[in-house]
Amino acid sequence: MGKEKVHMNLVVVGHVDAGKSTATGHLIYKCGGIDKRTIEKFEKEAADIGKASFKYAWVLDKLKAERERGITIDIALWKFESPKSVFTIIDAPGHRDFIKNMITGTSQADAAILIIASAQGEFEAGISKDGQTREHALLAFTLGVKQMVVCCNKMDDKTVNYGQERYDEIVKEVSAYIKKVGYNVEKVRFVPISGWQGDNMIEKSEKMPWYKGPTLLEALDMLEPPVRPSDKPLRLPLQDVYKIGGIGTVPVGRVETGVMKPGDVVTFAPANVTTEVKSIEMHHEQLAEATPGDNVGFNVKNVSVKDIRRGNVCGNTKNDPPKEAADFTAQVIILNHPGQIGNGYAPVLDCHTSHIACKFAEIESKIDRRSGKELEKAPKSIKSGDAAIVRMVPQKPMCVEVFNDYAPLGRFAVRDMRQTVAVGIIKAVTKKDGSGGKVTKAAVKASKK
């Protein structure tokens, strides 16, 4: 193996019928962690129900169904490798909570694969005003996914017949659109593919001799490796807190930024509890340090399960510790809300692992979604499609951060009527004074060391 491969998280976006499952399934199928036995089983099942043509998509559908039933599948099934990198598909739309997952998702995507259906009529539908292609590209960019590879899929369709003209037309139109969204078009690679036939997926297609660029796998290999935020102060949102006999209280969560070591004195916000980290475990092994991306359990001294809970954030007491937010200002994009939203609206916000109602205390201005320019000061209300700067007040104690400082704690989904009605990124936070919280004996002792 030699040098460790670069790990990249990918999100797959695009219109509902663009062929995302087939293209993604094909990559996983050809370069992935699915063993031949499983594939043969899927193929037989697909044939039995007369859907043999869906074998690649079927792979993904099976995985999705298992995921939705809450069966955590071996994540290897969602991985595929290239000579340089290991890619994990962290989400593919079509999944009910796709938008919410993209925001509160267990991991930030390092790049997006935008899949476009090249067939006559299909491309037009996807890129039209109501098409999801635009929405997904804008969301990905707003949430900090700055690298993208665009696949012009279905080049084998009879209306396209592997033709260069259609490809050029699509490249021109999509480039103009994603440039408006904010992407640097010079850095975005376009690849004409057939997710079903396999053209230009892994091997160069003989049916498109006019295309001189990379295959999809090569284009993915050319993406810039992500910078993991280990040099930032520690932020670890809690997913759960367990009480384990003979050990004590064990919070569990994923390190988003920074590093945590045994012996560190940490503060939990908004609980405002400070204590010492006794030990850290991952996959039942003791760790000398936990770094970004690690899902860990750690033992804390003199803290009861009642003191801290899911949604709390753990940070280092001596290095910009987390604090409760009194209020915060965010740029909010309304996606689908049936009515007008005015001051006083109080939906639930999903931000990192917290799930708390927040009041739209003051809609300060309506802005242009792309440029951020102010369009209207203090509008009476905002509706679907609008973007606004809003001052928000949590209705219960909550810990959030500015997106530019701690991205995973600075983006949120607004949930109402069982769907994601808006997304936002946090621009500023007014923090409460953290003094006067509970400091355990262990913390005092450790601080003197």
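Note: Cβ is positioned from N, Cα and C throughout, glycine not excepted.
Per Swiss-Prot, the listed range annotated as region 'G2' is 70-74 (candidates: 70-74, 235-239, 250-254, 280-284). When E186, E362 are compared with the annotations in Swiss-Prot, the one labelled 5-glutamyl glycerylphosphorylethanolamine turns out to be E362. The region 'G4' (153-156): residue composition by secondary structure is 0 helix, 1 strand, 3 coil, according to DSSP. Neighbour counts were taken at the CB atom with a 10 A radius for the recorded positions G14, K20, M155, E362; the maximum falls on M155.
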